[in-house]
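S.K.: To start, I am sharing the structure in question, which I have written as structure tokens.
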């Protein structure tokens, strides 16, 4: 049996652990031939790949990034490819056959699962593995990459605390998360954020400012505000400003308290994965090899009640897992005095 | 309503996060009076405590250890106390009344839950919160402290790898775990251990040595062996040797390959908790305050299928959660070539 | 003997280690009374202070920030203070006498040393201790805070590498340094930066772009560009852009290669100090107590050829230690292929 | 020009950074051919080596260990080699000629510099580069590896603090250092050790115990004792005990205070180097290439008053740089209340 592995979309910690998980189980347990496809779906179009032996898969467990490279290529979006007459999906199908693959394991986030689902419909044997620092892949309780990004963001918040305290300032920190606020919520709570803004909860500026002013009045000399990059703010200001910049300026203007902002940026998605992410990526990878061995295709590997299971790609594709308003952790954080900027915060 | 909080048994990362979680929710949401009891159950015997305001609970989220102190005092084991005629449990009950407590939150591991259960039978309103770097508290999928210890052990393994590789040696690393092998298993897999020995799986020395010799024969220049401190080894050697020392010597004698050992020791239980442990400790703590507010006593806060729930202390007490032989992760690790020293490894 | 200690200017790792060094040596070795002045020179104006016992100084060695607080108050710049008729320097002198101080230890960067020198001329017994993440205090080979900031920036670069490699991108990272490029230079070299831009070396955009294009031509799939925030770029673009943003856009436009930027921001100055910074801050602090005990005032504690010595504040004030063009490290980095964007780079 | 590079003795962080420094400068600046010799001097005996291109030297800056491997082979100690009639030094000289080397760069500690010096006398063109986590190489103010080991030991001490405080215990931590106490001294001070024992300062058990008892009497609930592995203790106990074990037992018996020990072990020498070590190793490496290019042989690269200079290998060989009794840092640490167990401590 021959299987291909690719990593697509933004990079995140644990990709190599997952590649190793699929590949080592495939080679050692099932005697499969394993091909690493380069640069996500682009490698399937341009037929760039290499054979992966067990040795190629050794020593990569701890490495950040992906040894296969990645790209944001979406073959179904703009289907034309250079001078070729055939569409990209057709080229991928041809190359899949040319390589003699029995299965293609696609490691990626929401966009990748969408493409994976369409390729499955197109006739390829596909298994998806969810990775994302945003934790917004639908159908799985957790994706690998999230714990590592949370750790980086939390350590950054720990550092910011000392500056906030020394200067008696309000510090606004922007973490990643275009649509889902998981990373802001979890790192915000783990990092002792006082006010946390996420895309799923509309905020009220007066609630926020009243909260911060009240803290000040109680003698708390500083506050930490964590904002997800994807929160909504006035459109005309979006061109030139980040969420953190908008919020920081607004707070300073409204409350008169000195405010500074910082944007964590790319450090959130790089580096060596945490132990928990290495374990999860390894579990997902080895499970994908299991699925492949017994011909279970068109599915995504998913975590459900502590178990790794299969979820049909068709159920996952096109959906986003957002922070629900009734998440128990939200209620608990409120109980401890954390503000989410909404009217429930009063 | 008045609640007391104590931390008992060995310290671990997240104790302060849990204390803060109980206390802040109790004060801010339920308006309770909160007392911090010093040095575990000893503080209940000697009546050492202090009132905890919200301010006392600020800024401790990230701190390792416990601001309350801890001890290994087991009031039901040796019940006599100094010259007093009354037994320790009686003294604790008296002091509980003297303090006017409505509830005592006991944060600890297996031993603490046992004592907590007996105090509950004795008439006190008890809520338990599970902490342990061993992850062996029965009745909960996870206890806080485990993720942090796993991270420390995994980072240590990462460091050991470079030495093993540079010197072409077999490195034997001993991690904590008297009865349960969770920490050795998880950090071993996350840290790329080749051979992992845990108390739950009897090992065969010839299986181990054959495996290591075979790796060497395949041109793999080094191997990482992770052992839990609690694995069995010949009794007469126990007085002077650690598990790591026994295994390292045995391997070197049997295989002739150069071998070195290292014992991680106390660094596994100290320091600032990981983000995941801070979240879990916070959830557990806030939930305990909820339970207290609605008079749900005699229970331990527990994680079950992602949810924080109540488990009767009577069900928890006296049991240990060990690594089951059919744990899916075990099978997955085997599939990737990890050896567990048992005959299944051949 | 009575001494006061204050921390002024931006916070940085090691401030508490230095406070502890001064204070413990003063109390334990010289039996002095020690006062901690709040919020930099503002505390001397508003007479906010507290007595510091040995116990107050215990357990702060590892803490980031400053337990005394800091401010950017410059008493000689805007000398008027509220409704008072006396100037701020007069108020400070009065309060110095009122407190009965024999010496005031001022921990800070360039601005602080300037103020300290003027206060010394004004008649106060002053001892300066240099701290700065920029390493630009004149008269000392090293200031504490620099090693910690370098470590944070280097770890961030390590993380950025994996993303750059996975996506085959040029990543532009901005580190702190308004006037001096020490931090960009050292973290750039330690973090494997390919192109490093610092304020002291004028860059040529065509040199930079040729270099990056040539790297690409040689098959190196990505490049890391480290820029100090203080590099010069076209004035009209300054209002809305950061240095990193300008450089990233320019590179992408000129070379056509995909480019992303990230600004490290405040995480560079927060958090626990490195071991080296703890040692240096401790040495500086203890030395300041020595100087005080023997009446050596009007000086800054400084590192020179591994020794801690005294440099007259009058020699330090108003100067900046910049990266010299003939720094051996520059030549060495060039020898390894690092580009500094200047015409020597060709 | 052809140069060989080898790494010998125990591994330490920064070896790869040094290899890269030598190699990149040699290839890019001087157009030399570079050979990597495997496993220290063993590779010169068995003629195991490979050519190193610039590409081979990319991406290794941050890696712990050594890509060349190392060994403890001492060719002048036991000169016979298998069935060969020629001595090992003769074989090395032959292979040096066979490879056509113009220079051999030897990266290592004291033992390596001794061998390097003898090989230089034997007629080879040798340049030494000092590495050691012990910082005991004579003739240089600093060797790379020390800062990284200090950081690991200091972080371990930070973790131990929380356990010591929670349990009110005396914790005894053993760090590396057979002859020199630099690592124990520096990490002890950086990690807030109360009592520090190093091989250079004979300790008095009653001084130590009085000090610890006095701390306890003053209400300080715990103490941290840092011991170098090489301190002297009664010979008959050495077979079965470590320094930490001996000291911990002795303290507990003499003072009655609960005491625990931990031995840091191999984690001190593995892992990615600190930023400072990467810089130092890079400087040393590039300087060695400079020396080679201008025919400056028989020397060791050394740090002296911030500059990288050449020191004759003949001056370095056979000496050890120990902690001098009049080291200013010792006096400063005493001023802050640190005890060194000697009679000066009273």
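Each residue, glycine too, has its Cβ placed from N, Cα and C.
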S.K.: Looking at TrEMBL, which one out of C:10, C:14, C:21 binds ATP in the same site as C:72, C:73, C:109, C:110, C:111, C:112?
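M.R.: The one candidate that TrEMBL places in that ATP site: C:10.
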S.K.: Given that TrEMBL annotates C:132, C:133, C:134, C:169, C:176, C:177, C:178, C:260, C:266, C:267, C:268, C:269 as substrate-binding, name the residue from C:200, C:205, C:229, C:296 that shares the site.
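M.R.: Answer, per TrEMBL (substrate site with C:132, C:133, C:134, C:169, C:176, C:177, C:178, C:260, C:266, C:267, C:268, C:269), from C:200, C:205, C:229, C:296: C:229.
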S.K.: What does DSSP call residue C:260 (substrate binding site) in the simple three-state scheme?
M.R.: strand
S.K.: Of all the binding-site residues given, namely C:10, C:109, C:110, C:112, which is spatially nearest to residue C:176 (substrate binding site) at the Cα level?
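M.R.: Comparing Cα positions, the closest of these binding-site residues turns out to be C:10.
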S.K.: Near chain A: which of the binding-site residues C:109, C:110, C:111, C:112, C:176 have their Cβ closer than 8 Å to one of its Cβ atoms?
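M.R.: Checking chain A against the binding-site residues, no residue falls within range (Cβ-Cβ under 8 Å).
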S.K.: Would you mind sorting out which of C:10, C:72, C:73, C:109, C:111 (the binding-site residues) have a C-alpha within 10 A of the one on residue C:134 (substrate binding site)?
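M.R.: Matched binding-site residues: C:109, sequence order.
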S.K.: I'm trying to understand the geometry here, so how far is the Cα atom of residue C:111 (ATP binding site) from the Cα atom of residue C:267 (substrate binding site), in Å to the nearest whole number?
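M.R.: That comes out at 22 Å between the alpha carbons.
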S.K.: Closest to residue C:267 (substrate binding site): which of the binding-site residues C:10, C:72, C:73, C:110, C:112, going by Cα position?
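M.R.: Of the binding-site residues C:10, C:72, C:73, C:110, C:112, C:10 has its Cα closest to that of residue C:267 (substrate binding site).
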S.K.: Using residue C:112 (ATP binding site) as the reference point, find which of the binding-site residues C:132, C:260, C:269 has the shortest Cα-to-Cα distance to it.
M.R.: C:132
S.K.: With every protein chain in view, how many other Cβ atoms are within 10 Å of the Cβ of residue C:111 (ATP binding site)?
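M.R.: Its Cβ has 18 other Cβ atoms within 10 Å.
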S.K.: Spatially, and counting Cα to Cα, which of the binding-site residues is closest to residue C:73 (ATP binding site)? Options: C:132, C:178, C:260, C:269.
M.R.: C:132
S.K.: Can you figure out which of C:10, C:72, C:109, C:110 (the binding-site residues) comes closest in space to residue C:269 (substrate binding site), comparing Cα atoms?
M.R.: C:10
S.K.: Counting other Cβ atoms within 10 Å of each Cβ, which of the binding-site residues C:110, C:112, C:132 scores lowest?
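M.R.: Each of the binding-site residues C:110, C:112, C:132 was scored; lowest Cβ tally within 10 Å is C:110.
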S.K.: Spatially, which candidate from the binding-site residues C:10, C:72, C:109, C:110 is nearest to residue C:260 (substrate binding site), comparing Cα atoms?
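M.R.: Comparing Cα positions, the closest of these binding-site residues turns out to be C:10.
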